[in-house]
Amino acid sequence: MSNGEKHVIYSSNSAHNLEWSQPEILVNIIHLISINLNKNKTIQQQQHSPIIFVNACKAQNSKPISISNPFAVNPMLLGISSAAYENELIINFKTFENGLLFYSMASHGDHLIVQLSFGRLEIYFDFGANQRNLLIAGLALNDGEWHEMRWLHHFDSVELFVDSILINTTEIGGLYRKLDLNSEIEIGGRNEDFVVEKINGLNLEAGFHGCFARIMLNNVDLLSSAPVELKECKIPQPQLFSLGLSTSLQIPYTFLPFSLDFYIIPNSGPLLTILDNENSSLLQIKIEEKAEEIEQEEEFLPNYLISINTGFDGDKPKIFSIGPPGWHSLVLKLRADSLDLVLNSKTIFWVQGNQARQIGAGMQTFLLSASGCYRSTTIDLNQGILIGNEYKRDECSLIQKCSPNPCMNGGKCIQNNFYTFNCKCSNNYSGRFCQISKLPSSCEQYFALNTSSKIAKRINKQLLMIDLDGGGLLKPFNVECKKINNLKKKGEKSQKEIIEYFTILNNDAPKSGIQVRGISEPGSVRHILNYGLDMDELDNFISSFEHCEQKMSFQCSKDQRLMTYSGEDNKRPSVWYTTRNGQQGLQWGDAPPFSRMCPCALNDSCLLNFKCNCDSGEASLDEGINSHIQLLPILQLFIGGGTSSQSLANVSIGPLECSGRYISETITFTDRNQRLLTSLNFNNARTFYASIQIKLTHSSLTIFTFTSTNQERWFQLSVRDGHLVGQIVNAGLINEIISDIRVDDNKWHLISWEIDEQKQILRVDLKEKILKDFFILPKTSILIVGSRTYIPDRSGFAGQLKHFILNGESIRLGQLAKKVLGNGIQLGEWGACNIKANNNGKCQNEGICVELYDGFKCNCSLTPFAGDTCEEEVGMWLSTGSELRIAWQHPGQVNNCFRINVQTSNINNNGVINLIRANALFAESRFNLSIDKEGHLNAFIFDGFFFTQNVTYDKIRITDNKSKDIRFCANSTGFFLNINGEIAFTLLGNFTFFSSLNVWNFADKQKFKGCISRLMIGNAFPLKNPKESRLLYSGKINFGSCPFDKIEQHKNEQQKINSLNSDDYYNEIHLSSFVKSQKKLLFITPIIGLLSALFILLTLFIFLVYIQRRPDGVYKTNENNSNFLPVPPLIPILSNNYEAAEKNTSKKYNNKETKFAECESLNDAPQPQEFFC
């Protein structure tokens, strides 16, 4: 574009998809440039060539003409209406000077004036309402290049385009919308003979010196009425020179005046220095830094300052303002004893007397140092001496990037060099264009981002500044945030904490209320409530919440009315309010809208059966909560209805309280094949910004895709190997940025992704990853959240999302989810682990449920159980003589809790049976858990010094052939042991020495026979992970589900009889989870195995015999197929049967369907003995 911006009209990576693009740009030349470059910056070879359809028309414009004197045209003679509600003025011009381009002044005040001042276009217009409007656009338009100005008037709006780019716009005020033209329109200046200035306060240029190529007013060419004596455009081209950073140009002094124009980057530093023969400064003009302190019409075009210093002792630098950036003229004159400096045709500095003569006699060199462009018709810039290598001759390379100001939210544009700029943002904004707000977009987001702070957790109220659209057009404002905890929905038994957030917008209503005394007509007193926001901001604030409310209170005296008026006119309300859309609120509190009722009427509790307490004629009070969001907030109050001098009405309006922010709604994807779709145009090719909060556990997901209609260009945010990946695809080029932080940890993460033409920034919880490159941002229009396609490939999203902002627009995920609710997408924080998590076999035996949202998995690593849901026992059957031990426990597996499950029936009458024996390698401490001769559990503990404990629990028999789950912990407070969940031992004291026990022996080798399972030693599970826990074992051990044999102790007949006769026998009947009778199965198993082996051997024998005796031709081979035959060498083949060979040869030769080799004789004998094939 003419302003230096790149404008991508269309891009595609396929020749088969046709997509129409209609840019509203008028061009003369189209350049087709491939953006697919390889590493060597050369164009890659493409598989296809693009096909472009261009609508072109022959230009009907006349040849450009030179203007030095103004001329007038009569719009009536050209068929232009003298008054119209819609107007269009187009001017194509070229000049090196400022001047007046277009002038129309009607007799009754309507005017339209276009001029070039300080290189900027200024358009003054008025439609007869005496309300002058001014639009300013462009910068350095007096650069000798062609420019186009287009002024569009559509009834009550005006737009100004410069070089096809919309620069400025305004809305028309006043009562009039029609432009009346003067009977004479002047072009290129004013004729002072008959034009009388009717407008005060205008500083208009006197004339115009330059060229016009087109002046179109309402589709009529005004140049067709130009004088015929006007010549074709010929403007002498001054010499141009561009200086870059750290580059200077030395021009030898030849004569004065020294005259040039400059257009520089307003950075601090010397502009012009006059040097003597010793390179000492005689006079220096310098650009100063304090440009922002000057009052200015436009914040993005600040005036900047220059200082002039002669270097003489005692002279302080003189400071001058030279206006906004653009072309400025500088002339240095020396006449007699006076040295004058003329800037923009005004003498701003002079030196007289000896100082002027000293400067004039000593000057040798003019040094230009400021970065920018210079031009002159009197100085040969090309003959100067260059210091540095950043320069360009015969052209101005400076492209003004700060007009119009690209920085948003009050950011200051600073141009660095010819092509680049930076935005200096305020404290609350960031990004290349200051388009990203650092402020929270809601109270919910503020509390969510500060959950880690202990102080923030205790805060339930906070004054806060929020930015609703995250840095968009809406300005930030102050609110009060309130958090209410411990709310439970009705009917719910769970004790889960529910938190509700309120955003409070205060108004300026007095705390004591608005009081109206005495006799007053209905609504005669008006009071306006101010919330600190304009109407658009209020609309956006209200519409972003699901619920809003405002407290209303009306306290009345005896003779005051509310919804009626005394006397016969009871149909008139005495008090009402107005809303955002101008409607009148004719109810009070939460009464139905427009019902002229108060809250007391809803339950028939009003005084004297009126609809409001204050309508009864008695002193009373009507108050309630207005929750009708369409009637909020209350903007104006109209109060009256007093019927006596003692009447009193006291009206109190509380702040606006809103909750249920739509953007804060959480949605849960429980199916990775589901998606949400919405349309959202993105035609701004400068920046892309997305912010979202995510919570997930899968390591590979697609969060959202912002794509074009042809699915060939997109922005995509996904998760790959647990890391976030931002991907841009445009015209077949793929650019990716990958974060360094994993997000698949089932925790909330705040994600922001910012892209401009120079870099990508991907933030995860405020930690940045930056990728610098050149990016062409694609035009997109379809937002897909979740799976990109309808193919059930589980490539979509599973997890939770909220607070989604895309390019400054809030995406209401909850509203989108309601359209497909129940089909794999839910409102709120759902999860597979939260739905009947303890039922239906989910994560048993203290297994941890790991949330996947589209499913779940159980983490059994902290339990001695195995299986998908931690339901499988891991145990072993031990016979007498078996040994289990840990010679030295790994230090990382040491902990203070232990567990063992035992099932045995053997009793050792001669002593105890050890279950666990532990000691320390480098200490004397010991621990022994055993079964005494009566079958009871005994614990012996020695700390290695003097403390000893020996206790027995005799309420439960361990040897009753039932499962006994024994768990014990030892810490600084005591030793605690329980059996099957019942407390057995509680010993108080310091038992931290258990951490030094690192040698463990299990199940007495000589005496124990039975089953053990659920073994846990600290953090180790020896039966489940023998190798990791360093478990050593030997003897007759059967692994797996335990036991394989019924555990029983041989008893004599008397014991059996006594047992059968005793009542305890029937009380001891117990179905163990381990015990199953396997006697019959173990007896039959060896026989079945032997028969199976004999059958396999017989089958193998029959197969081998069959192979040896199989007939020929059973297998089909390729020996008759010539494609599989090798080519043999020509070697002699001996044959004893020539006739047979000849017959076979003839047969093969005559067969045309199959290719055979021919056999020929090797000699001429009648019966050759040799032949070859």
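Each residue, glycine too, has its Cβ placed from N, Cα and C.
Per TrEMBL, the disulphide partner of Cys425 among Cys413, Cys434 is Cys434. Annotation for Cys425 (disulfide bond): same-chain Cβ neighbours under 8 Å, separated by at least 6 residues, are Cys407, Asn409, Gly411, Gly431, Cys434. Residue counts for the domain 'EGF-like' (829-871) under DSSP, helix first, then strand, then coil, are 0 helix, 9 strand, 34 coil. Averaged over the domain 'Laminin G' (64-233), the predicted model has a pLDDT of 86. Counting every protein chain shown, the number of other Cβ atoms lying within 10 Å of the Cβ of Cys434 (disulfide bond) is 22.
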